[in-house]
Amino acid sequence: ACTGIENIDEAITLLEQNNWDLVAAINGVIPQENGILQSEYGVETLHGPAYGPSSHSAEASSAPSSSSAFRHVVPSRQIVERQPRMLDFRVEYRDRNVDVVLEDSSTVGDIKHILENELQIPASKMLLKGWKTGDVDDSTVLKSLHLPKNNSLYVLTPDLPPPSSSHSGALQESLNQNFMLIVTHREVQREYNLNFSGSSTIQEVKRNVYDLTSIPVRHQLWEGWPSSATDDSMTLAVSGLTFPCHRLTVGRRSSPVQTREQSEEQCTDVHMVSDSDGDDFEDATEFGVDDGEMFGVASSALRKSPMMPENAENEGDALLQFTAEFSSRYGDCHPVYFIGSLEAAFQEAFYGKARDRKLLAIYLHHDESVLTNVFCSQMLCAESIVSYLSQNFITWAWDMTKEANRARFLTMCTRHFGSVVAQTIRTQKTDQFPLFLIIMGKRSSNEVLNVIQGNTTVDELMMRLMAAMEIFSAQQQEDIKDEDEREARENVKREQDEAYRISLEADRAKREAQEREMAEQFRLEQIRKEQEEEREAIRLSLEQSLPPEPKEESTESVSKLRIRTPSGEFFERRFLASSKLQVVFDFVASKGYPWEEYKLLGTFPRRDVTQLDPNKSLLEVKLYPQETLFLEAKE
């Protein structure tokens, strides 16, 4: 009665999402202005019509003392829906690192499948190592390994030879080369000279030829590709083209119906006929002929498998089946659907750097709509739409055919976009499907820019995508500006912090140098003091050991010596002529002039007295009766 929800499963899902809080569940699915606002102490206001058992209960709800029919009731057992746990893996292989994000319900084989696409190595050749819980096989469920949030693994390929450095250098050189492709349009007999780099893919060449010849890729019939060019995703450098010039011929396939013998004969000189022949009949409905009936097969027989399993536990697995079934029905030329949960698609589209953000396109499929087949084959699989979506959008898909899947998406829609958008999708009739939702991420919420219904044309669909892109580009430029300003502020702050750190280090180094210098000066001063003290002690010792100076009236022979210092001062002393020369040296040393540092020179003749034998007497060295000597510092 409150929400118009008639499906009991959807109602129970909404209650579980809100922990069985009835008021919160109602407010989540109906517009807020018509909702029931409940405060911490009970129901405060009830806008719009009364949704109680009677008007009396609604009136009573406004009284503080009365009980409300919508008062929060804590259940005896709360049921909380388990959210899937995401695991991050950093996988190392030689000089590459690959980041893989999977739910814990995935298997080891799922990791290998992703690595097979990233590393171009067959999964059977991989040995995935680094597990902390023993050996595992491809069927091991990640949940059973009790892994942490972040994990590091590495890949070994013992059966594959190591890469050759010369080969990789030659490949890099080929990627940098430019190839001249001379393409002849068979029907109009016209040649096009096209230049492509070696890193371009064959698919890019075909799309460029589509722009020139108006022949869609899936209708192009080629001649001249080398036999090694077996995949449209292959680069020209490794495809085996003749360098620098290679000739090709392209034409339009005249008839999709070929016998086995014709097909085998044509495969001898034609390579890579793009996509399945079933796409040639995408316009057959204009003549009242269904796709399946053209070959005598009923449409229901072509759709044995549903697009998406009902009640799938893992959204990623459901999207894998959706992509595989979509390719089997409409060919390989279709949008690249994001494999993962809707939350993961949000993360990929909205929460990277501003320059890397994209719009999110949600495709809602419905098998029972009469518009689905035409929309998918003619609009969604058109070359221009596929190319534009791949460049500017993250595309996520969901199948609304099964009621359980429909209820599950409406729950997700309510949680992420609000009740108004969920109500809009809920009221869409089956014949209005499929729907294409254009979502733009904003700072506070996600905004639905456009809801495109299935009854449209390629040109109108492209125009609406481009209009949404213009709005997004304007917002993106503002986000880029804000992000650049924020990064500039952070860079300035980092530079200031670095300059401050360098300044602190310089101050600390200067302070330490000063402390070392002071310590060295102190040490030298201590040494100098110790040396002075030692010299003073020696001087005093020598002074005390000198024999007494003889008196002038002594009866013994006395020698009078006059000694001049380097500073010009003189000092005199009398010595016994029989005294040894060493006594004179000790006397001079007691005055602060040790004979190890100074030499004692005579005048006439000039001679170095310190070179004489110190044990000889003054009389023997002819320093009698008197002599003037000079002190001179030794070099």
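Cβ atoms here come from the backbone N, Cα and C positions, even for glycine.
Automatic prediction, not curation, is the source of TrEMBL annotations.
Listed features, source TrEMBL:
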| type | residues | note |
| --- | --- | --- |
| REGION | 48-69 | region 'Disordered' |
| COMPBIAS | 54-69 | compositional bias 'Low complexity' |
| REGION | 476-496 | region 'Disordered' |
| COMPBIAS | 486-496 | compositional bias 'Basic and acidic residues' |
| REGION | 540-560 | region 'Disordered' |
| DOMAIN | 554-631 | domain 'UBX' |
Using a Cβ-Cβ cut-off of under 8 Å, list the residues of the same chain that are 6+ residues beyond the ends of the compositional bias 'Basic and acidic residues' (486-496) and lie near it.
none
Restricting to the domain 'UBX' (554-631), report the mean pLDDT as a whole number.
89
What DSSP reports for the domain 'UBX' (554-631) is 13 helix, 29 strand, 36 coil
